[in-house]
Amino acid sequence: MERGNHTVTEFILLGFSTDPVMQMVLFVLFLGVYSLTLLGNTTLIILICNDSRLHTPMYFFIGNLSFLDLWYSSVYTPKILVTCISENKSISFAGCLSQFFFSAGLAYSECYLLAAMAYDRYAAISNPLLYAQAMSRKLCISLVVYSYTGGFVNAIILTSNTFTLDFCGDNVIDDFFCDVPPLIKLACDVRESYQSVLYFLLASNVITPTLLILASYLFIIAAILRIRSTQGRLKAFSTCSSHIISVTLYYGSILYIYSRPSSSYSLERDKMVSTFYTVLFPMLNPMIYSLRNKDVKEALRKLVKLAPSDI
């Protein structure tokens, strides 16, 4: 792909620091986070597959979220680890494009999946007796397939529009992965049509799922208010608390990064926020959905053959 009088064949990822000591500290930190991410999400998937009590629509979606987080984290973290300990900070043009495509596709898919999980919580609370019928296996599978399809179709749109921009000057990306803000900084001129594409994708992949989640929770609140006992209301709300935390953390960071005009991007500040939703969030999700979950704890006891008092 020609850019002015030369061809861009690779980009240089600056990462977080050029100090060797700090790079080693960051390597250890990211390796620890990645290890916990792999352990937590893999364990949760095994528990859901292994224990028949977890074969419900809610855990079906949680299992798919864990699978998505495993894939999502693996798009970024291995390259971050290599960048921390290697003098070679380069990533090929094709490698940058691939990383960009998969990161966008998985991020958008997670937005849709979290919206599907909000609808699942509404179906469970509004009419628990008909929950199994309302959230049939066919519907659950369809919602997951639609989530991935919508995510990756929109990723194709974003990737094709981003990597046909005219890049000029150096090829240094002041970030730890290939993303919209740093790539825009390298572009000679960001067309108005490209900014329109970004707003369209923001509306279809982030704003629309957000509105669906808000609508689901409005109906959930109405259903909870119809429950007469305080204990019943608290129990109903507790089934949604993990999802609310997950949605708030994920959508908050996504909206912060991508809902602003490209002229207002601050790479240093955005780099820290990006670290949260790309590296830390996949590690936190298994904890969010399992720490206060009795069913998951019982499944873990059963798997490792521990007595109930041991956990």
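Glycine is treated like the rest: Cβ placed from N, Cα and C.
Automatic prediction, not curation, is the source of TrEMBL annotations.
Here is what TrEMBL records for this protein:
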| type | residues | note |
| --- | --- | --- |
| TRANSMEM | 24-47 | transmembrane segment |
| DOMAIN | 40-289 | domain 'G-protein coupled receptors family 1 profile' |
| TRANSMEM | 59-77 | transmembrane segment |
| TRANSMEM | 97-119 | transmembrane segment |
| TRANSMEM | 139-157 | transmembrane segment |
| TRANSMEM | 199-225 | transmembrane segment |
| TRANSMEM | 237-259 | transmembrane segment |
| TRANSMEM | 271-291 | transmembrane segment |
Practice item. For the domain 'G-protein coupled receptors family 1 profile' (40-289), provide the mean pLDDT of the predicted model. Key: 87
Check your understanding: Are there 3 or more C-beta pairs under 8 Å linking the transmembrane segment (271-291) with the transmembrane segment (24-47), counting only pairs at least 6 apart in sequence?
Key -> yes
Study note, to complete from the structure: Sequence-distant residues near the transmembrane segment (97-119) by C-beta distance (under 8 Å, 6 or more away from its ends) are 58, 61-62, 64-65, 68-69, 71-72, 75-76, 79, 91, 143-144, 146-148, 150-152, 154-156, 158-159, 162-163, 177-179, 183, 201, 205-206, 209-210, 212-213, 216-217, 243, 246-247, 250-251, 254, 277-278
Study note, to complete from the structure: For the transmembrane segment (199-225), out of 59-77, 139-157, 271-291, most C-beta pairs under 8 A are with 139-157
